[in-house]
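Here's what Swiss-Prot has on this protein:
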- 360: active site, proton donor (ACT_SITE)
- 391: active site (ACT_SITE)
- 516: active site (ACT_SITE)
């Protein structure tokens with residue numbers, strides 16, 4: 001008998017639907033009272049501890065989710081990814097970001113070819129180049145050392161490397177290696193982002209890394225041309241070869257731009273942008289800032305989770321458990337969002353990166369076979385470090401909409417602070433909130449409890465917390481390069497699990513194309529109106545009105561302006 005075309009047509013899905021009502025009427029207060037249940041919902045790997053006992057789920061729920069995973073052929077899909085099969089069928093590509101952090105002696109194939117040697121050729125080239133820049137043997141056009149780096153990219157070429165950079169900045173080993181150096185990321189085509197990036201920097205000591213696979217990405221290439229002008233206007237056109245390098249596959253366009261192809265670092269079609277932080281996209285700028293040895297530890301951490309994900313049984317497999325619970329929360333309990341709440345300021349850019357990884361991967365409305373999905377998939381991801389978020393949006397999480405939460409804590413702070421006479425140290429104060437918030441969400445506070453506390457009758461409705469709000473807790477032992485790599489890979493694979501179970505293609509992103517094509521039409525109109533004075537035509541009334549208003553208000557912009565760079 002053929003497998004159902006949609007996962008929602010399987011008996012496992014229908015069984016979970018039937019199971020749903022019993023769970024909805026069982027409060028987390030009751031579920032948390034079952035010690036045996038709680039113990040069964042705690043998993044540890046390599047000193048990473050996952051506690052998902054505060055999920056709205058019973059052991060029976062979890063077993064039914066395992067059956068759903070089997071019905072979705074989850075294990076086979078994971079194996080196909082690792083085997084280099086073209087699981088991204090709309091672009092006919094392998095999905096092999098795991099190869100980017102594989103040990104040198106590994107064998108991971110795409111189209112019958114082991115890609116690991118190619119990966120390590122690029123890594124070796126990055127190590128050699130970053131070492132030369134850092135030790136001063138590669139210098140700028142005027143003989144000065146290149147201490148400052150601006151990485152130019154957008155989307156996955158920006159958010160992932162920025163997350164890792166921000167997480168490493170306060171790590172003792174990494175911060176020591178980065179002394180006297182500066183790493184910035186230019187992503188937005190907004191000239192304000194250009195101004196902020198070049199502010200305080202000297203072109204003589206600045207190296208620009210342009211990240212674009214095709215070297216045609218509109219925003220990235222406009223920013224790259226802007227920085228090329230910034231360098232050449234200060235140092236002369238010939239300086240570009242010493243002050244700009246590329247991460248790209250399009251060597252002819254790189255050379256035409258003025259960058260020596262020798263100073264180009266490759267990556268491959270089997271690497272999606274949002275999964276590319278472990279390629280030259282992230283490894284090159286991060287190695288320039290922190291040294292290759294630190295970044296290699298990051299890659300090793302990611303690889304450790306790759307191995308865990310591919311080999312651990314589902315009941316002990318952290319990414320699988322997280323992915324299945326997300327499917328349960330989104331498609332069965334009907335919760336459309338997820339809050340990512342790291343209790344570490346070093347992880348302040350985790351949520352924005354995972355927002356892209358998750359929402360670009362799983363924001364799909366059709367199955368991998370092109371069938372409309374009759375259920376909700378994907379979730380809205382957002383977050384902020386604790387305790388900052390507690391003074392921002394936790395009000396809604398506690399007393400408004402139900403939003404499942406990921407609490408991420410770190411046992412040992414990167415930068416401990418102790419003050420004599422304080423009841424607890426700074427990190428203990430932070431972690432007190434990490435441990436308290438999940439219980440507040442799960443248990444809430446009843447009117448009866450408030451009455452016993454002699455709360456005024458008219459305030460009781462306002463101070464009541466319904467509880468029964470699901471969360472999970474991830475406890476990391478430390479936050480060094482290795483652990484940062486592990487955390488990244490956990491979330492990458494979690495997203496893949498969700499997509500595999502929902503039966504969607506998590507590795508394409510056609511949703512970004514329509515807006516880009518319409519922007520091309522607008523761009524042509526702006527040029528025609530500014531240069532030739534042509535009226536706005538070919539748009540709906542709303543867009544025509546807005547465009548006309550914009551053009552009239554910027555009529556002082558010259559049709560053929562001379563170069564003007566930010567002055568800040």
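A Cβ is built for glycine as well, from the same backbone N, Cα and C atoms used for every other residue.
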Pairwise Cα distance for the residue listed as 'active site, proton donor'/residue 391 (active site) [Å, integer]: 29
Cβ contacts of residue 516 (active site) (under 8 Å, same chain, 6 or more positions away): 218
Secondary structure of residue 516 (active site) (DSSP, helix/strand/coil): helix
Residue among active-site residues 360, 391 with least C-beta crowding, 10 angstrom cut-off: 391
